[in-house]
Every structure is written in structure tokens, then in C-alpha cells.
Amino acid sequence: MIKLIVGLGNPGAEYEATRHNAGFWLVDQLARMGGATLRVEGRFHGLAARARLWDQEVWLLKPSTFMNRSGLAVVSLARFYKILPDEIVVVHDEMDLPAGSAKLKRGGGAGGHNGLKDISAHLGTQDYWRLRLGVGHPRNAPGGAGAGREDVVNFVLKPPRREEQEAIDAALDRCIEPLGLLARGDAERAMAQLHTAR
């Protein structure tokens, strides 16, 4: 069972359309689906809403702490509502997947993602679900061979190219049904469906 879906990103209009905010995009989509309005919740350090999705109540959260401090928001809401780490899905951008790809997994390392590192540190475990939304990598972008750390930072803080955005939007749509399966406790089917989707 999933009780909390967290979208990672950075607050503010200047970051809204950037690759790093892919997690926010999916949570916004889920809020619309569930007829919920994300509101500022100071005690949870972000925008939060309780939505009716897949015939159950699910909390949605967009931390307003900036990406690298996302753990504070996640742990604040999870502790308040007694939500266990394995009842949490964190939705985030993933450079190691091509734009338009999506993968679901439970546990594992942060893979260099500072938002995940902070969440793991605050929860005291890596045993939570991650929905990885592919945004591509600067080394695969035009003229991107040999991309260094600075290129990576610039890449995630820029909007995707039009064809990438279309692929990412299609992936967001494909994630909805598998998330519903996961929320109802059918993790195996959720992963099988998402990982074979085209």
C-alpha cells in the first residue's frame, strides 16, 4: 500500500519547466486527477494535498525546501501521519534513463541524486519506493560528449527540448496505472507493466 507520493523539484517559477522538476510534474498531474488542490503546509515544508486516487486516500507532497533538502519535508509529513518508508513513493528526474523512460524500484542507493540522499538520511533508510523519470543526460545531448559536473548541473536546471518534453509527458501518462497497482499493493504487476510499456 502506498500512502504518500512525493514529487521532487525546486520551488519557484524559474525552475518550473526544468528537467529537475519532473517529479513535481507528475504530482501536479495526480492532484488534477484526484480533484485535489496542493496547498502550502508550513509544518510539512511544502505543498501538500490528500487526494482520492485508485479508490483510496493518498497524500501528495511537493517539498518547498529546494531539492537538496527534500528529506525534511518528507519526514515531517510521514511522521505526522505515521507513514512507513515502504509506503512512500519518491518521484524524481533520472539522468541515467533516456527522456521518456520510467522505472520503478524499491530501495537502493541515491545514484548521485542529492534529493534522494537527503531523504534517505532523514528517514534513516533507503527502503522506500522510487519512480525514476528519465530526462536524458548531457553527454547524449547535441555536442554533449565528455560532459562534466558543471554540464550536468546546467542540464537539469534547463527545460527539456521539445521532443524530450513530449516523450517525458507521455511517460508521465504511462506511470499512472502502474502507480495505481503499486498503491493497491501489487508491486510486481506495477513494475512489469511500467517496464514493458512503450
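Heads up, the Cβ atoms here are built off N, Cα and C, so glycines get one too.
Around the Cβ of H20 (active site, proton acceptor), the same chain contributes L8, G9, N10, M67, D93, V156, L157, each under 8 angstroms and 6 or more positions distant in sequence. Summarising the annotation, Swiss-Prot assigns active site, proton acceptor to H20.
Residues or ranges marked as tRNA binding site by Swiss-Prot on the basis of sequence analysis: Y15, F66, N68, N114. N68 (tRNA binding site) has a Cβ environment of 12 other Cβ atoms inside 10 Å.
Summarising the environment of N10 (site 'Discriminates between blocked and unblocked aminoacyl-tRNA'), the number of other Cβ atoms within 10 Å of its Cβ, over all protein chains shown, is 21. In the three-state DSSP reading, N10 (site 'Discriminates between blocked and unblocked aminoacyl-tRNA') counts as coil. Annotation comment: Swiss-Prot describes N10 as site 'Discriminates between blocked and unblocked aminoacyl-tRNA'.
Swiss-Prot lists D93 with the feature site 'Stabilizes the basic form of H active site to accept a proton', giving sequence analysis as the kind of evidence. Just so you know, the Cβ of D93 (site 'Stabilizes the basic form of H active site to accept a proton') picks up 27 other Cβ atoms within 10 Å once every protein chain is counted. The DSSP secondary structure for D93 (site 'Stabilizes the basic form of H active site to accept a proton') is strand.
Taking the mean position of the Cβ atoms of Y15, F66, N68, N114 as the tRNA site, the remaining same-chain residues with a Cβ inside 8 Å of that point are N10, H20, T65, M67, R69, S70, G115. Counting other Cβ atoms within 10 Å of each Cβ, the binding-site residues Y15, F66 show the lowest value at F66. Largest Cα to Cα distance within the recorded tRNA binders Y15, F66, N68, N114: about 16 Å as a whole number.
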